[in-house]
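Heads up: the structure comes next, in structure tokens.
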Amino acid sequence: MVVADAHTQGFSLAQYLQEQKTIVETALDQSLVITEPVTIYEAMRYSLLAGGKRLRPILCLAACEMLGGTAAMAMNTACALEMIHTMSLIHDDLPAMDNDDLRRGKPTNHKVYGEDIAILAGDALLSYAFEYVARTPDVPAERLLQVIVRLGQAVGAEGLVGGQVVDLESEGKTDVAVETLNFIHTHKTGALLEVCVTAGAILAGAKPEEVQLLSRYAQNIGLAFQIVDDILDITATAEELGKTAGKDLEAQKVTYPSLWGIEKSQAEAQKLVAEAIASLEPYGEKANPLKALAEYIVNRKN
């Protein structure tokens with residue numbers, strides 16, 4: 001993994017990720033206390049606290065702090081983003097969707113609690129995420145409202161759900177164009193990654209032009225993230241991924257490597273990340289975490 005290059009000299013991404021992940025894990029654990037009915041809270045916590053990179057909340061915190069905000073201002077939203085991401089994983093793993101048995105190295109939610117409880121756990125995490133953002137202390141209400149609107153767009157038919165629908169409709173087809181693939185992933189994966197970054201900026205009180213700049217950064221890393229995901233589905237093992245490998249090929253899904261080959265896919269991901277990093281140059285060293293996170297996305301192994 002690249003932890004520093006010409007863009008981030010002297011900045012240790014490994015140390016930053018470890019510190020931020022520890023903070024996020026503690027906040028997530030405190031965000032969701034088990035009460036009645038016990039089963040649903042246990043199911044929610046099972047997937048929410050199952051580990052993972054915590055990339056989305058960390059992006060939110062990094063963007064907020066880069067623009068002069070504090071971690072406290074963004075923490076509720078950071079946790080909410082992970083709740084929404086976890087919901088999408090629970091539902092994505094269901095037999096009606098991707099039908100997966102393994103997630104983050106553990107049995108998927110429906111394998112432990114059954115399909116009915118898994119669906120409800122995802123629903124509950126989604127609704128609680130919006131409540132949790134709304135309960136953020138010491139942040140102006142108009143900023144929270146902007147974040148809630150963007151979250152709704154990112155997770156609904158304009159975003160994640162819309163991308164998933166086109167993904168399902170494209171399964172088994174051999175004539176899927178790269179434009180369709182881009183639509184799927186800018187909505188299914190990229191929309192939530194984008195709001196991670198823009199929400200952090202908004203919470204810090206960013207100007208509209210700063211939010212727009214960070215939106216472009218996030219769009220680039222979001223697409224790069226998915227290209228790398230497609231490559232890893234072919235090249236990595238289930239142990240490395242923490243989930244079943246080769247699922248795209250098995251489901252006859254069109255991927256970037258199937259259209260471009262692995263070498264061109266890697267080059268495209270590198271290009272997108274370079275553009276993302278270049279867009280942050282006005283922020284100097286304050287942007288080191290976001291620059292290094294972009295590098296991490298294209299160099300990760302899972």
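Glycine is no exception: its Cβ is also placed from the backbone N, Cα and C atoms.
Since we're looking at a predicted model, the values are computed, not measured.
What Swiss-Prot annotates here:
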SITE      Met87  site 'Plays an important role in controlling prenyl chain elongation'
SITE      Ser88  site 'Plays an important role in controlling prenyl chain elongation'
BINDING   Asp92, Asp98  Mg(2+) 1 binding site
BINDING   Asp92, Asp98  Mg(2+) 2 binding site
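Features per Swiss-Prot, on structure.
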residue	record	DSSP (3 states)
Met87	site 'Plays an important role in controlling prenyl chain elongation'	helix
Asp92	Mg(2+) 1 binding site	helix
Asp98	Mg(2+) 1 binding site	coil
Worksheet item: What residue among the binding-site residues Asp92, Asp98 has the most other CB atoms lying within 10 A of its CB?
Response: Asp98
Response to the item:
Taking all protein chains shown into account, the Cβ-based neighbour count within 10 Å for Met87 (site 'Plays an important role in controlling prenyl chain elongation') is 24
Worksheet item: Which whole-number value in Å describes the distance between the Cα atoms of Ser88 (site 'Plays an important role in controlling prenyl chain elongation') and Asp98 (Mg(2+) 1 binding site)?
Response: 11
